[in-house]
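K.L.:
Here you go, one structure.
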Amino acid sequence: MAFTDLETWLESTDRDLARLIQAVAEGCREVSRLVARGALGGVLGEQGTQNVQGEGQKKLDVIADDVFMDVARRCGVVRAAASEEQDDPVVTEAGDAPYLLLFDPLDGSSNIDVNVSIGTIFSVLRAREGAGFDPADLLQSGRRQVCAGYAVYGPQTQLVLTTGNGVDAFTLDPDSGRWLLTRAGLSIPAQAKEFAINASNSRHWAEPVSRYVSECLEGRDGPRGKDFNMRWIASMVADVHRVLNRGGVFMYPWDKREPSKPGKLRLMYEANPMSLLVEQAGGQAFDGVQAILDVQPTALHQRVSVMLGAAEEIEHLKALHRA
Ligand code: P6P
């Protein structure tokens with residue numbers, strides 16, 4: 001069976017953006033190799049440091065961060081890069097490069113040491129006209145992304161991308177090292193049969209979320225009139241990958257544990273790229289008030305409440321939030 005490779009797929013993409021996507025894909029291939037070696041490569045376990053979020057860093061968090069910062073510095077089309085793992089953006093020597101790159105280099109770190117799927121999430125924004133950079137240039141809403149994607153390091157390594165014309169998935173051929181188009185035009189079924197949320201937080205949820213989950217649990221005997229199954233991998237990349245491939249909803253909503261924070265997940269390099277992919281696949285992404293892509297950022301590492309996936313489910317969640 002003949003597959004289209006990433007290079008061919010990129011032929012219809014802006015040359016600078018194609019160069020950036022290729023460079024990120026090479027970074028993902030390197031991280032995939034390191035992840036696959038696990039203990040053999042001495043990359044498991046704690047780094048013994050904390051990131052800007054105050055979270056303990058795994059060795060692979062830091063290694064992956066270095067890989068993608070190196071990608072940003074060397075590709076020649078990124079003016080500045082921002083990472084979940086670093087307080088401040090890194091400005092490259094390409095002072096008039098067209099793009100800004102934001103990424104979570106290794107999402108789902110708590111799963112690294114127990115061999116459960118993890119991933120890299122990235123977002124591409126346009127740099128300001130001309131030359132120069134100010135950190136405020138990064139604070140663009142998710143609708144202004146020119147590209148968004150993730151790599152999921154699982155039984156297969158896959159790269160899932162959008163440049164605004166739908167969502168396509170590539171599988172890394174471990175023999176040749178090439179990214180091959182294995183699924184084009186991912187589309188989230190409007191109706192869902194699965195929901196994903198960390199149910200151990202149920203006593204902390206806002207009422208609309210509690211109501212939504214209760215209805216799912218009531219199944220065909222309740223107001224939804226159908227049974228639901230539940231999943232929670234605790235790797236956003238893996239949970240969202242399932243939603244993009246077979247439907248459902250993924251939720252990490254605001255809860256009472258840290259009432260001053262809108263949620264756990266980060267807007268700029270987790271929720272925004274995933275929300276663009278979900279909308280491009282016919283789904284919706286909601287923060288309890290508005291579409292996540294419409295949130296006007298005020299800080300690079302700000303968090304957001306996330307409910308995304310099947311259009312029918314998100315519309316129902318919106319109705320519960322209005323009630
Ligand atoms: P919890 C991983 O740390 C992450 O940021 C997301 O990938 C994931 O969905 C979530 O946190 C898991 O959080 O509280 O269930 O461990």
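Using the three backbone atoms N, Cα and C, a Cβ is placed for every residue, glycine included.
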K.L.:
May I ask you to find which of Glu215, Glu218, Glu258, Glu270 TrEMBL records for the Mg(2+) 2 site already listed with Asp104, Asp107?
P.N.:
Glu270
K.L.:
Say TrEMBL lists Asp104, Leu106 as binding Mg(2+) 1: which of Glu55, Glu84, Glu129 is in the same site, per that record?
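P.N.:
Between Glu55, Glu84, Glu129, TrEMBL records just one in the Mg(2+) 1 site with Asp104, Leu106, namely Glu84.
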K.L.:
Nearest to Leu106 (Mg(2+) 1 binding site) in three-dimensional space, by Cα, is which of the binding-site residues Asn198, Lys264, Glu270?
P.N.:
Glu270
K.L.:
Just checking a number: largest C-alpha distance across Asp107, Gly108, Ser109, Ser110, Asn198, Lys264 for the substrate site, rounded to a whole Å.
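P.N.:
Farthest Cα pair among residues binding substrate: 16 Å.
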K.L.:
Please work out the number of neighbouring Cβ atoms within 10 Å of the Cβ of Lys264 (substrate binding site), leaving out its own Cβ.
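P.N.:
Step by step: centre on the Cβ of Lys264 (substrate binding site), count other Cβ atoms within 10 Å, giving 20.
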K.L.:
Write out, in the order they occur in the sequence, the residues of the chain not among Asp107, Gly108, Ser109, Ser110, Asn198, Lys264 that have a C-beta within 8 Å of the mean position of the C-beta atoms of the recorded substrate site.
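P.N.:
Neighbours within 8 Å of the Cβ centroid, excluding Asp107, Gly108, Ser109, Ser110, Asn198, Lys264: Asn111, Ala234, Ser235, Met236.
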